[in-house]
Amino acid sequence: MSDQALSFLKDFLAGGVAAAISKTAVAPIERVKLLLQVQHASKQISAEKQYKGIIDCVVRIPKEQGFLSFWRGNLANVIRYFPTQALNFAFKDKYKQIFLGGVDRHKQFWRYFAGNLASGGAAGATSLCFVYPLDFARTRLAADVGKGAAQREFTGLGNCITKIFKSDGLRGLYQGFNVSVQGIIIYRAAYFGVYDTAKGMLPDPKNVHIIVSWMIAQTVTAVAGLVSYPFDTVRRRMMMQSGRKGADIMYTGTVDCWRKIAKDEGPKAFFKGAWSNVLRGMGGAFVLVLYDEIKKFV
């Protein structure tokens, strides 16, 4: 095996392992965030049964659906997240070679910064093409609030994908893809671009204290998450439409979704669950730091 292939494999494994650990740890926060985001577009949650906020959601989920339901959709998330994050990290370094080859970070700061933004954004968009149906299934499984099998919309990952594919075809599994690409480029560009730029400006980037590294990652994750959050809300609402027919369809398209959320629910609706997203982001920051640590040992 060539050095380049070995390096790619190391990136893939280090990123995937770090991601799977942290994602399982923050799965309950992730589910709360998703329910707050999509409940307005859910057929299972009537207006009077909607969650009032994070605390209400955390209290009611175990009562109504059982404690383990906090991890509903987590298996799909781990399966999805392993290739997503691993591909992001692996492609990021490949794209960095393309965008940053021969760029001096101290003498050409803005070119260095732009190259980092481009490599982070391109990595996110590329990996999204491969794993979008898994992301879609994870969202629909997490949004499923039925208690027993009879009340559930889907029995599991395979059932969700086959049901939607039979109903809507491949298009149903890629519902909201366009706005996802827009959001992921913004998020990944900040997530990787600002993180790498900040680390690169330190005197000795290879030997950064883990606390400093975590603080940089924490800030980057929170900012990136908030900036791209409205795109995430719209894409999840669009995902909730797959499998619906006729009068059940709430939005005619992405633009209509943006317009209706703003008009009917107000601008705040774009940020429903955003606070839990910041908390969840601590896991994202942990992934970046853990990835750097794992790479030292492989």
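Glycine is no exception: its Cβ is also placed from the backbone N, Cα and C atoms.
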Practice task
Please verify against Swiss-Prot: do A5 and V208 share a side of the membrane?
Solution key: yes
Problem - Matching range for Swiss-Prot feature annotation, region 'Important for transport activity', among 73-78, 85-90, 193-198, 235-240 - result: 235-240
Fill in the blank from the handout: The number of other Cβ atoms within 10 Å of the Cβ of R80 (ADP binding site), counted over all protein chains shown, is 24
Completion exercise
What DSSP gives for K147 (N6-succinyllysine), in three states, is coil
Practice task
Using C-alpha positions only, work out which of the binding-site residues R80, K92, R235 is nearest to K272 (N6-succinyllysine).
Solution key: R235
Exercise for the section: Take the C-alpha atoms of C160 (S-nitrosocysteine) and R80 (ADP binding site) and report the distance between them in angstrom, rounded. Expected result: 14
